[in-house]
Every structure is written in C-alpha cells, then in structure tokens.
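Please read the structure below before turning to the comments.
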Amino acid sequence: MARRQYSTAGVAVAAAMLAVLSVLCSGHPVPGGFVPLQPHFYDHTCPQLQSIVGAIVAKAHAEDPRMAASLLRLHFHDCFVQGCDASVLLDADGSGRFVTEKRSNPNKDSLRGYEVIDEIKTAVEHACPHVVSCADIVAVAARDSVVLTGGPGWEVPLGRRDSLTASLSGSNNLIPAPNDTLPTIIGKFANQGLDVVDLVALSGGHTIGDSRCVSFRQRLYGQNNNGQVDSTLNPAYAAELRGRCPRSGGDQNLFALDPASQFRFDNQYYHNILAMNGLLSSDEILLTQGRETMELVHRFAANQGLFFEQFAKSMVKMGNITPLTGHAGEIRNNCRRVNHF
C-alpha cells in the first residue's frame, strides 16, 4: 500500500510538471505571471509571424539597403532602455506621463525603421489580432536584417510584452555614445548584464550601416577643435573623411561605418579597426584601450565563423534584457501608443 501511494504521488508530480510545460509551450502565463522567453511562443497563436516579418523586412531592405542596419540598431536602442519592451517606439504621451525616447541624443535625427515596424504590426494584427507584441516584432526584424545582409541567423526567444512608458533620461544616459571611454562603455554593457565579449561582438554590428559626421567630427579636428587628427585614426582615412565632414556644418552627412563592405554583414569591421580605419572613437578604442578587447578584435578578424557564432549568442543575450512577460505591460494594438490612449 505504501509503495502504491508513492507511485501515485510520483504520477501527480509528473502530471503537474507536464501541465506547466504545456502552458509554457502554449505561450500563456504560468501562475505568478512570469513566462520565460522561448522561440516557439507563437507557434499556435500566430504561426504566420515569422513569414510576415521576413517578407516585409525583405521588401524594406530591397527598397532601402540601409534599412537592415537601422532595424538592427532599433533593437539595440530599445533593449538598453527599460529592457526589450518596445519603449523606443512610443510617441509622446499626451497625458504627460512620459517623454518619447525618440527625442534623445542617441535617437533624434538618426534612429530609423519605425514605419517598417508599423507595417509589420498592421499585417500581424490582421492575421493574429492582439497576440504579438511590438517588442517581439522588433527582435525578429533585427534577426532577419542580419540574415538578409549575409550574417548569421538564430532562433529568437519570444514572449515579450510592450511597455506602458518610455524613458528619455534612460535613452540619453544608458546607450553607449560614440565618444565614451572604453571603461564607460564596458560599464554600460555590464549594467545590462552583458560582458566584454558581448560588447566586442555586438560592436561588430557596425559592419553594416552609417554614421553621421557629428558623431566622429572630434576625431578629425580635435576635442577642442584645434585641428589635430586623432592619433589612432589613419591619417589618409582622416583626410578622406574631412572632404565631407567639415569643421562646422554638415552634421547630418552620412558615412559608411564599414566602407569596404557597407551592406554586407561580415567581419571586415575588425579588419578596419586593425588598420586604424575604425570610423567612431568607440570602434577604435576596442583595439587601443583594453587588452581583452584588443585580443577579441584580433580573434574576430581572424575568424569570421567565430564572430558570427558569438554575435548570434550575444544578440540572444541582449534580447533577454529584463523583458516584460506574463501579465506585465500589454500587447499594443499600435506600436506608437499604449492601448488606453
């Protein structure tokens, strides 16, 4: 009799575990409201998600080759402020509860791709109303952008929900800046649970995309505008850059972060750094200001496969920065405003 009671208890425990697993796989909250992110979250509730995102991102990329880098950057700027919660997409709150992150120094006049996310959201809402978060759409669009330009793919863990607020101060202070010192950048990554390997790997996203003259002008003319070229910048490259980035004016003039392969995701970025052709100060200091970062630059330059593998791992890790799950936040109907507006 005792043996039979033990067996019954074991069956009950196993059944309970299976029930929890079933709930997780269905994408519904478990008691307590927390749902771990996992790639198959929408398999039953919105199986069309991946194909919808892929088709619209491919169309946007065909129309504008810069868009792939913009969508990747959008995900990065979202995750570093309040976690990966689509706060970066919110327009100004008419009630005055928060100020849009779109007005922050890192985002104003430079962050792009909002209209692509809007198009995806409209299509997804038509197929699966009020199921898929804007935060998850941003994460999948970033992955598809990397793949479209020749980079690695990865399974995107899903199940994020959308924030009800944005943080202008967070956007101004938490996102690494082009002129930050290496210790400052390492600290900003560490605040998000990302280590030095993640930092150097994710910086490799600069293998695609552009930067504005205002973001690196000080390297051409000195911090105090004294005309001195940054000693860690190739003089020939500096002379070329000066042609379209004058001492004053031309702030919005665009320059390829990796002119050797501007629209191809590869490891050329690290070769550029080794040749002192890193466009931003935050790129070149990976070689000049830290032994660990310098070693990683050499390793990723020597082995593109290694870079791709680590980039994918670091993107998954970044995508897991304090997501809203379960009953937290909401699923927005429109990515630019919270539902109760």
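Each Cβ is built from the backbone N, Cα and C atoms, and glycine gets one as well.
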Cys128 - recorded disulfide partner, TrEMBL, among Cys25, Cys46, Cys213, Cys245: Cys46
Disulfide-linked residue for Cys245, taking TrEMBL as the record, within Cys213, Cys335: Cys213
Between Cys79 (disulfide bond) and Cys128 (disulfide bond): CA-CA distance (Å): 25
Cβ-Cβ neighbours of Cys79 (disulfide bond) (radius 10 Å): 30
C-alpha spacing of Pro176 (substrate binding site) relative to Cys335 (disulfide bond), in angstrom: 25
All-chain count of other Cβ atoms within 10 Å of Asp78 (Ca(2+) 1 binding site): 29
